[in-house]
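The structure appears below as structure tokens.
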Amino acid sequence: MRVLGIETSCDETAAAVVTEGGDVLSDVVRSQVALHAPYGGVVPEVAARDHARAVVPVVREALSRAGVSAADLDGIAVTSRPGLAGALLVGLQAAKGLAWAAGKPLVGVDHLVGHLLAVFLRRGGAPLSDERERPSFPYVALLASGGHTAIYRVDGPALGAIRELGATRDDAAGEAFDKVAKLLGLGYPGGPVVDRLAAGGDAAAAADAVPALMARKESLEFSFSGIKSSVARHVAKRGRPEGQALRDLCAAFQGAVVDALVQKTVRAARAEGIGRVVLGGGVAANQGLRAKMAAACERRGLALFVPPLASCTDNGAMIAYAGALRLAAGERDTLDLAPETRTALPRVTRKGGGAR
């Protein structure tokens, strides 16, 4: 089975052709980072307009690289939720038009489910029998990105087999990285810059600038708004740091965020009695997170599965794969499929403060 996946939920226009076994035949991503950088974040109207310009050429390139035509496809998958309404609508309209014209089945995919299953993608011609880097169900997954941060128990690929164990009460981890980077004058997107600077910093030298982020509390919930405010107060009092002081502050900030992500994910795996941990989402590309999660899992005898960088950030391949599994299960959507800004995965974490 060969499925085309289309992803336009935020600021990447992406399309890919993937088999139901997870083999990536093509994967094309057009980033909008340069368009949004002057604004310090994603502008929904700008995103939707650029998706409208890019989606058809990106889909054509994905089909061409895979060596297939629309007639060769077994189905078309598209991100239908969650995301920016206008951006989602562009991808949906493109997918619907192609599905109707080619007479192919259409399936909508929850963007978060795509991230949670991205670990199963095989890139670069890996042997079909090579399962060393693929987990078995169930596993505990940390999904951390610019819009979402949550820990899930994943018992299978279906929506009903995925359960949230804990999530952020306010900002997502990636959002915190971008906001702190903006405070420090590091530009957008901030995550990669902070990660690079943190590698040369001493977190202890700036420990007074950041709080501990609930890392030691038993709850599996996160809160990242406080650390942003703490850094803002630090900068307001002392000015924007430069040189080694900047690297130290980045190291302290990143260390606090990563410690919370790692400790709570490991705690969730042990509480669920599951020995497999998966990382997903754009923040999973952070080298500090990868290193600390690997060390923590090794100490506790947990098997860690981390997708390659191309599978962590938004991409069409994860949407195509999740869609292929839906198609293989006999599921279909109609041309009435509409965009939804919220995930279909049930939430257990309340936004805002207060005890659960």
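Quick reminder: no glycine exception, Cβ is built from N, Cα and C everywhere.
Its Cβ placed at the centre, His111 (Fe cation binding site) has 24 other Cβ atoms within 10 Å. Swiss-Prot lists His111, His115, Asp314 with the feature Fe cation binding site, giving sequence analysis as the kind of evidence.
Sequence annotations record features per position, and here Swiss-Prot assigns substrate binding site to Leu143, Ala144, Ser145, Gly146, Gly147, Asp178, Gly191, Asp195, Asn286. Reduced to three states, the DSSP call for Asn286 (substrate binding site) is coil. The 10 Å shell around the Cβ of Asn286 (substrate binding site) contains 27 further Cβ atoms across the protein chains shown.
Residues within less than 8 Å, Cβ to Cβ, of Gly191 (substrate binding site) and separated from it by at least 6 positions along the same chain comprise Gly146, Gly174, Phe177, Asp178, Ala181, Gly282, Val283, Ala285, Asn286. In this entry, substrate is bound by Leu143, Ala144, Ser145, Gly146, Gly147, Asp178, Gly191, Asp195, Asn286, whose most widely separated C-alpha atoms sit 18 angstrom apart. DSSP assigns Leu143 (substrate binding site) to a strand in the three-state reduction. Look at His111 (Fe cation binding site): DSSP puts it in a helix.
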